[in-house]
Structures are given as structure tokens and as C-alpha cells.
Amino acid sequence: MNGGGANITYASRKRRKPVQKTVKPIPAEGIKSNPSKRHRDRLNTELDRLASLLPFPQDVINKLDKLSVLRLSVSYLRAKSFFDVALKSSSADRNGGQDPCRAKFGEGLNLQEGEFLLQALNGFVLVVTVDALVFYASSTIQDYLGFQQSDVIHQSVYELIHTEDRAEFQRQLHWALNPSQCTDPGQGADETHGLPQPVYYNPDQLPPENSSFMERCFICRLRCLLDNSSGFLAMNFQGRLKFLHGQNKKGKDGSLLPPQLALFAIATPLQPPSILEIRTKNFIFRTKHKLDFTPTGCDAKGQIVLGYTEAELCMRGSGYQFIHAADMLYCAESHIRMIKTGESGLAVFRLLTKDNRWAWVQSNARFIYKNGRPDFIIATQRPLTDEEGREHLLKRNTKLPFMFTTGEAVLYEMTSPFPPIMDPLPIRPKSGTCGKDSATKPTPSKDSVHPSSLLSALMQQDESIYLYPPSSNAPFERNFFTESLNECSNWPENVASVAGGSVLKHEQIGQSQEVSPAFSGDQTVLFPDNKNCDLYNIMKNLGVDFEDIKNMQNEEFFGADFSGEVDFRDIDITDEILTYVQDSLNKSPFGSPGYQPQPATALNSSCMVQERLQLGPPQQPPCRSEQATVEPQQQLCQKMEHMQVNSMFANWSANQPVPFSEPQQDLQPYSVFTDFHTADQAFPYTAAMNTMPYTQNFTPCNQTVAPQHSRCTQLDFAMGNFDSSPYPSTSNLEDFVTCLQVPDRQTHGGNPQSAMVAPQTCYAGAVSMYQCQPGPAHTLMGQMQCEPPVPGPEAFLNKFPNGGMLNETYPADLHDINNTVASTHLPPLHHPSEARPFPDLASGRLL
């Protein structure tokens, strides 16, 4: 056994090609010929005649060589001799004195029933003699191992068995499960397979045939050509040992040997097949092709699997028309391999059925020779499930440089020949606009390619075979499309109304136009024919219809969350500081006689002011004539010294602490909007600031102060609809100067000078301002002018902690400020002031 392990051989499909058979003309009379040549010719003629008598299909007979013909002939005669003895004894017992015609009819039924039993059997029948020769194997062995019936009959069974299981198989062939017993010491071991020679017994030495000692059930691994993973398939052998009659074998001395035992077993796969495998294994079919793979015939099972009749299958031309485009080059490679070696090997690909569906098959094709030359192709195909097909597709090793989805045009050295639905880049130019490339390189047609090429077979296929069925069968009616289009066009407006902002509305409209460009435009131009347009085919290929689009848009609409939308008009100060300031203002005890708290409904947030500004153009707030005199009150700045508002004073230079305060002033309240119910209330302006380490230089300025909010918050007004003002807009630090200015129309003898400042342009946009007022009132000061008589630093406040007083001149009363005056004719307001230096005023810095 050790000596045979070095030379292990397994059964394979490789066969010797037969010698070329040519019909020689009969030599004329009188011409001498070679006697050995005549003998060989007569022998070949008899072998051909003998091969035609074998019970095999013609395609199997044509591939047999001389030794195979002789081997199968002997096997057939032995099998016929056995069945003659076995069937004669059994038929005589069963029939008795029955009518011969009736008995013949019963034999026909038995033969037909046996064929059906083989198809229903999950396995194949195997008969092995005691000397390990395959006496019989059913034709269904091809479905499990891939070997033809003619390949294994009268061959050694050890060529099919794994080397590690050969000893076990020989042990099962012995009646006592002990093949080491050797009654004849002259018998040696089998040098070919390393196993001992079989022992022949007389029937008297053996137990009865129906004894339980003769039953066998074991597992063995057999060579399998259909399994690409390991090459072996574990089979379960279940049967019994029986006598093999009618063999007429002789011993070494020439004496006739009695019938010997043989294993009659049914081999079934150890792993039971799935339900789908049981369904597909019975539909192995064969097709006949020309050398260029043009189909010329198909058996009955192939017609059941594919749905074509034999005439329909043969009238379409090249067989590549039935192969999926992604598998054409893969099958062409197998075709070339078959031309070189005579056999294609296993190939898994998709075939087109009559109902335009793709069926996965596992095929093996080989040449059939006639007179030593290839005559036609026989392809054996086994249907596979979709799961098995996809698994083989993933395991497929792509050896070709181009695939269907990447390089067909390069492979065939032509521009893209595929229809728009099959083009990897389906970008088509608009009608009437053609580039230079399209003019110089025309698209190939069916007439410009070779009719027998793969490209021609691909172009002859219908586009619809590569389209998946749509998810819904609802027709694309024009009224349905119009209704869906109207519903889609109304969605952005509804979304904008929910959001309450025009910006969101424009964004939604723009987004809808970008996402659905096919819906923008004339329907009659885009969809002249709903059944033939490219968009319909693409949507049908993706399995999407208008109902699906409607559902997706509804899901996107109802799933939108507008609570997290941030408006660009939101203020920059954080919510915590706003809350702190609002609480401080609400808790501040303002005891001035003219002070009245404004209702909170008008001062909830700056959004109401923004809403009012967006509703219409701004209105000039009318000024009221009544003046409210209030007592000095402590300002909000006393509380702001304990906090920092977004680092407002981070960039200010604190050279020296300067205490300052502000005198009492009489100001006039005003209303921002005439339609507010709180606009008629009077609000004071009082300010007093504690010691703050902030100093700032300032220069004479000229500015028109816009209405200020009452809550010391930064307001960002969207002033897109406002007209630009011809008056300048300066920094926020200069807004504090205007509180000391009075109209120029009043007479003041203290300061005859007047400084003229060139006006600047006020741009319409987002106006941001800070104010320092305790009350929620809106105040508006006219344009005022601050002119120091002597250049240099001047004090802004007149009251300091050291008791120093600054005498300044203020108007006795502020006249009515009429806001109805045109902005281009507003007179400058003049305010005389007297500057006096103080010892504790280090620098003229101003907040």
C-alpha cells in the first residue's frame, strides 16, 4: 500500500483523441495492396459496427476510441448475461402460465417504470465486483459526479475513491469485513493500488444471500468533477452483497469459478439537497450546436427549462444571443478553450428564456468528432438557482481585460454601440446640438459589424431583457402625471408657509428645481410618448413610478424638522445674556412719575420688530409734543459693571479709571410704529454710570440715530426694502454723543461756531446697534452737532465722584421733533457746550 501511495491516479475526463478516420477508395482490381493495411481497415470497420450496437447515444459513441469500444462491449455482454439469468428465473416464477403478449406488455411497463425510478432517486445505482471493477453504473451518475456512464463502466472503482477511503471500501467488499484473510498464500498485493488481492469463495463457505451479514452501509468520498472546491463528494452507500450470476469466470487452472459476491448499492450524497436542488437536478438538458455555437437541436428537458421549441431555438442564429451580455466574454473564453483542448470545462452563466427572464445554468461543452475532425458541439447544462448563480458570479475570476460595464467600446475599437439604456454613461446631447466628435465618429449600426461577432449578437438583443419589471403596474397616464406634478409644485409653498420665512421658501423652491429637473419644463416636450421615452425606461429599470416618487416626497415633507432651522436674522448675543438683561430690567424699580411699564406683549423679542419691518416699508415715527421730566435714576450701566456682554469692551484701552456721570435731561418719547397700542406712552431717558475703567477718544460727529430698542439688545434688522439714506452711518461709539445735541433752530449765544461735517452714505442692510436705557421706550434724537471750542480732550460727563461739576448749557426745552421732514432737508441741531478740565480726568476717553 505504501508503494502505491507514490503513484496516485484518479479518474478524469481527459481522453485520447481518436485517430483520424478517412474513407479510403476501394482499389481497382489488379492493383496490389498491403495485407496489413487491409487487415487494419477490416478491423476498424468491425469496430465501428460494434460501436453502433452499444446502447449509448450517438454523441457518446462518436467520442469512443477502440479500447473503449471493446471495454464497453465486454461490459455489455456481461451485464446482459447476468440479467438473462436473473430475469429469467424471476419472470418464470412470476408469470407462470400467463399469456406471452401480456407478459411482453408488462416488461415494457417495467422498463419505463425503471427510468422514472432513476429520475426520482436521490443518487445513482452502483454495482462493484469483488475485484473492485464497476460492473454497472446508472446514467444518473453524471448528475452527481460529472462522469459519463461510459467513463466508469468496467473501470477500477479505486480511481473514483479517495486514497484514504480505499481500504475501507475494500473491507466492505469482503463478506466477513476482513479482507486480510488469505487462504491462498500465493496471492500477493495489488501493486497498482497497494491493496491485497481479492479472495474467491465457494457458495458453500458463505452465509445465505438474504442474511443480515450481507447488508452494507458506509460512507466514502468519491471523485466529483462538479465540485470545484475540493474535488470530492461524500457519498453514503447503502445496499447488500449478492451473487453475480452468469459471469463464467475461470480460475488460474482453467476451472470454472462459481458466482462471486458483488456489492449492489445505492450511492446518495451525504448532505441532503435543498428543495430547490431537488427541483433543478431533474432538468439537466443537452443542446447541440455548430462549431460557432449556433444551436441546432435541444432535447425535451431543454424545451421545458427554456420554453423554446427546437425550431424557435435554431432560427435566431448565433447562440450568444441567448447569453447575458455580462457573460458573453466569459463564455467566449470557454469556447476558445474548447477549440484548443476539445472540452470547455464547467462554466456558469445566464441563458435567456422565452419569457425574457434569465436562468442560471452550469454547462460543460465538448466537441464531437466525425472522421477525426470536430463535427459539432454537445453542451450539457444543469439549471441553477439564482443564489447559486450569484455565488458563482462572485467567485468568478475575471481574466479578460474588459467587462461589459467598462470597456466594450475599447475592446471592439469603436464608439459606444449600446442603446441608451445599456450605455455605461447615458449622457446624450440635446436635439439639434451635435459636437465635432459625433459628426466624425458615427455610431455603428447592425450592418457595420460582422454578423457572427459578439457585438452583433449583443446588438440584436432586445433592450427590455435588461430591464427589471416595475414595482407597480399603474400606467403612466398624462392626467395622472399632471396631477402628480401639481402636487409636487405646491409642496415648496406649503413648506414655506409652515416655516414663516421667505428665505426658506426660496431655498425649498430652488432645491425642488435641482432635485427634480425632469419636472421643470413642458411635459409634451419631455414625454412625447410615455412608453418609448428614455426617462420612462430608466424609471422602469429602477423600479420607480410616480406613486413611489410621491411617497418619497411625502415622507421627506412630513419628516422635515423646522424647529432646528436657524434664521440668519437671529441676534448674535447668547440667550443667557438676553435672559439676564431681561430679568434685570423687569426687576428694576423705576420710580419716576412719568414712567409707565410697557406691556410685555409688545416686547417679547426682536422678531416682532423684524416682522413689522418685513410687512411693509418703514414709516417715519411721529414725535409727540409732550415732554416728560423725570428725576435722575440709576441706569442699567450700574448692573452691567458686574458682567461682560460678549466682550463688548475687550478692545478698549483702560488707561486710568475715570469716574463720570451724566446730568438729567428732558427727552421726548416716540413710537416706532403707529399701529402699536403702546406707542402713545411716554418714556424717560435717564442715565447714571458708576466708576468704569473705560476711556475713549471721540471727535465731532454728525449722525442720525435710528430707533433703538428698549432692552439693551443688539437688533439686526433686515432692511432689504428700505431706501438708502443720504446721511452718514458712523460707529456705535458715536451714537452716545447725540444725546446732548439740540436743534440748530434754537438760539444759543454760548457757541457761535458751527462745524460742518460731510454727509456719508447710509447703506440699506442689517442695522446693528446697542443702547443703554433702563426702560423699554423707543427714543429718537434728531441730528445734533457737538463742537468743542478748543481742540483737545473734552469731558463727556459733568458729575464725578470727587464732586467736580461741569457747567454745560442745555436748551430750556426741546422743541417738537417732526419726523415728517424729508431726510434731505433736516436742519443740523446745534448744541453749545463748555469744556473745563478736571484734575481727575486723565484723558478724553469716551464710552
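The count begins at 1 with the first shown residue.
Placement of Cβ uses the backbone N, Cα and C atoms for every residue, glycine included.
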Feature region 'DNA-binding' in Swiss-Prot, mapped to one of the ranges 38-66, 502-530, 792-820: 38-66
Of the residue ranges 37-42, 247-252, 745-750, the one that Swiss-Prot records as motif 'Nuclear localization signal 2': 37-42
From 273-295, 388-410, 825-847, the residue range that Swiss-Prot assigns the feature region 'Disordered': 825-847
The motif 'Nuclear export signal' (64-72) - residue tally per DSSP class, helix then strand then coil: 7 helix, 0 strand, 2 coil
